[in-house]
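Visitor: Below you'll find the structure I mean.
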Amino acid sequence: MANQSSTGSAGRFGARYGRVSRRRVSDIEGTMNEDHACPDCGSEAVSREGTGIWQCGKCGYKYAGGAYQPQTPSGKTVTRSIRTALGETGDSNSE
């Protein structure tokens, strides 16, 4: 008898929708259900409330993020750019 592997969250689709689509759904839902750090208190208690809405279970901090991740890669890039711009502006004002 062949070894059985766990199908993950996409096992509910059975043989439908193709292998690649089911794997993508499984990967997305896996990262969505992981523990995420709260940007306010730092605890690993952030959970998804709805599409793009995330809330910390410890401090109750609610914020908007990505649909499947609390912070998207493009959001990280924008935050880094803003910090860099504010850092350069702050240094030039202090001189």
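From the backbone N, Cα and C atoms, a Cβ is placed for every residue, glycine too.
Positions annotated as Zn(2+) binding site by Swiss-Prot, on the basis of sequence analysis: CYS38, CYS41, CYS56, CYS59. The zinc finger annotation in Swiss-Prot covers 38-59.
Give me the lay of the land around each of these features.
Guide: Other C-beta atoms found within 10 angstroms of the C-beta of CYS38 (Zn(2+) binding site) number 20, with every protein chain shown included.
Beyond the zinc finger (38-59), the same-chain residues lying 6 or more positions past its ends with a Cβ under 8 Å from any Cβ of the stretch are 32, 65-68, 70.
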Visitor: Which number gives the other C-beta atoms within 10 angstroms of the C-beta of CYS59 (Zn(2+) binding site), all protein chains shown included?
Guide: 14
Visitor: Just to verify: the residue among CYS41, CYS56 with the fewest other Cβ atoms within 10 Å, which of the binding-site residues is it?
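Guide: CYS41, out of the binding-site residues CYS41, CYS56, has the fewest neighbouring Cβ atoms within 10 Å.
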